[in-house]
Amino acid sequence: MEATILTNRPHFPKPPTSQSNLRMKFDRTNLPVLPPPPPSSSLPYDSIIDHLLQISSSPSSAQGPNNHRKPITTQNSKPKTKSLQITSTPLTSLPVVSSLPSNYYPEKKRHRLKNSDTGWDDDDDELAFMPPRCKSMLNSIVDEPLSNLNAFFDTVKFELTQLDFASLLKGLGVSGNWEKAIFLFEWLVLNNAHNPSKLGNQVIEMMASILGRESQHLIASRLFDLIPIKDYSLSVQAYTTILHAYSQSGKYERAVSLFEHINENGPSPTLVTYNVMLAVYGKMGRSWNKILGLLDVMKKRGLEFDDFTCSTVITACARDCLLEEAKNFFADLKSQGYVPGTYAYNSLLQLFGKSGIYSEALAVLKEMEESDCPPDVVTYNQLVAAHVRAGFHEEGAALIDTMIRKGVLPNVVTYTTLISGYGKVGKVDKALSLFNLMKESGCVPHVHTFNTILVMLAKTSLYEEMMGIFREMESYGCAPNRSTWNIMLCMCSDRGMRKHANRIFQEMKNCGIEPGRDTFNTLIQAFGRCGLGSDAAKVHDEMMKSGYTPCVRTYNALLTALARQGDWKAAESVILDMRKKGFKPNDKSYSFLLQCYATGRYVRGIERIANEIYNGHIFPSWVLLRCLFLANFKCRSLMGMERAFQELRKNGYKPDLVVYNSMISICSRNKMYIRAHEMLDLIQKSGLQPDLMTYNSLIDMYASAGECWKAEEILRRMQKSREKTDLVSYNTVIKGFCRKGLMNDAIRIFSEMTIQGIRPCIITFNTIVAGYARKGWFTEVNDVISYMIENSCRPCELTYKIVVDGYCKAEKYDEAMDFVSDIRKTDNSYDAPSLQRLASYIRARMNSRTEDGPVWIQA
């Protein structure tokens, strides 16, 4: 599309005079039959849920006769397994999960326990610590399938009590059979319920070590919740592993309680222990003072901060939007002689990336290069994220070439970040193209990639494509995880489907996937959007019983529901409660509050938040400034939109197409041709392409200004581009011709629309009826109404009101009464009360005909 579509005050082509000003009869026999109305299709929730259940519970294709000897892999790898099944207790009824996809881990060494001659691999030094009796029992346990282990333990109960359990557990862990070690540990717990001391410190320490090494944090947190850990004197390494398990599984209060016990009773925490607790406080939120206190304790003990300490503190700042605090902390460390490594720099990049401050992120990259600190793939991934969150999607995609040129291979995170960015701004085609490019380059997608695409497709209601993604997940061996199920809950919350939300939640638990804090937050949001406050409260109570405390995301879920309702008073109460409880609202919190104000048309509230942003009291992230802009647009505040638009550009952010289209739309309403032209020019300069909304806004601007021929010219340009015209495009052009009285041209566009397979709506017909009525061509009006009825588009009360108003304006009150009397002859669905209202309206107009005259009703 050329930038010269608009000019400062354009000269428009003169309308042709051959037929436009001649009256021609509306011949409905020459018009095409309207396309049939679209079938009323229900959303295929049940089929999607059933398919999700199928791939969540399908057995691995790689199982064989010796399957019990194969290691259980993570959810994201091949082959996949279901949750550990133990009927007597729920200790291990958790899915085997990992924080990273399986292709991130090197192949683990599996030890042979037997050879053909002696039965043992004498060269296996790592099993040399085990006495022969333990090795024999170890071999028997390995030979048993998981489903028979409990019964086997019961049969050899006496032999087991004579063995060293710590050595036996260690042997199972070393040999790659850690899941069988859990079964053995569980059996030991159950058979010593009245004598917990029988477990012994070494046994618990060994179990903690095995689960920590395998990153099975959910299972570890569940195991150690049911064992009185504080009754044992464990090593600091074991305590640290348990603290880390609590941290990774979201059991922050448990971690804090155990850490306090360690400080009171010993042993002395190490640097790693403190680092884990810094991560706990960071994830809890509202804990900056506690983090500072812990750092002081570490200094007094003479512990030297490492990259993990630095990274953890900065990550905590990123969660609470403490930008200045993080920058000051980093600067102070460097002033004390600390030399940051790649890990620390990457955390700083994450901070700027999360806020979308790509200029600061680029400065960090420059500092790394000047300090001879080589950027790695994580560095570039954070840079990509910073560009995407600032609206520079194409620039972020260009970083892939930069990475390859510098010898850094893009990974699944690189591609997934870009796919997510494109999806959030509605560029589905680009996101899917990038997904295909990712696979062609040999980068294997993991479950998070598929989840990202599912979110995008769910938002755009592309349900058939969702089914295809589920099938592709299955082909890659990616089992759905908790986030996958949460996406389904989000779909229900957007549609207000309480029944499906309940079913998904239950099926999720039936598949062995433990609901997390994010699941409960999603459910609260879902029920809140459905107006089911009592159900949301029940979910909140269940969340608390499960050991999860509310966080900023919980409050944001509540604010999301209020934003839909426009209940800004309740939203302000939520923000106030957050602050009272020590939580700092983030940019999403303020964004939802702005949406509440906009929906409730409370302009003062929008102005108050805007002043706090502009005065520096609230950090102006890209998300927040964009939301401020759209809130002003919803309230038709041109001045507020202009200020927010300038702030977006002032902070180095890139407005997206939604922002530009909104500016063109407001210019259209205010007939600001020059400003609209500037916006169109900026779209092209920023590398974006006009979309359907852009073209429709331009068409509306010209049609509203009476420049109907220019509006049609935009329609033709639109048809030549890749954008497909829609009903709004044609309706707007028809409106322009009708308002100018060029009814033959309006019918010409109407005929073209139906030939293109676009079915007119009631607005289309009301516009044409209004055009004929305005000219006093009531024969044509009756023909249009008959055509509507013939094509299953029943006239509404407004249709007849427009006709009656046309008669009254022409002071043909008797004809108006005759028209109303004849309505039931052609439209027997029209009820008597509506006829009475029309007749009363005519009489009222007759009584007021000597006054200022009738008020014309626009269609």
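Cβ coordinates are placed from backbone N, Cα and C, and glycine is handled just like the others.
Given the structure is predicted, the values throughout are model-derived calculations rather than measurements.
TrEMBL assigns the feature region 'Disordered' to one of the listed ranges (1-22, 89-110, 705-726), namely 1-22.
Look at the repeat 'PPR' (235-269): DSSP puts its residues at 27 helix, 0 strand, 8 coil. Same-chain neighbours of the repeat 'PPR' (376-410): 342, 345-346, 349-350, 352-358, 361-362, 365, 368, 417-418, 420-422, 425, 427, 430, 434, 441, 443, 621-623, 652-656, 687, counting only residues six or more beyond its ends whose CB sits under 8 Å from a CB of the stretch. Stretch with the most C-beta contacts under 8 angstroms to the repeat 'PPR' (270-305), considering only 341-375, 446-480, 551-585, 691-725, 726-760: 551-585. As a whole-number mean, the pLDDT of the repeat 'PPR' (446-480) in this prediction is 86. In the repeat 'PPR' (726-760), helix, strand and coil residues by DSSP number 26 helix, 0 strand, 9 coil.
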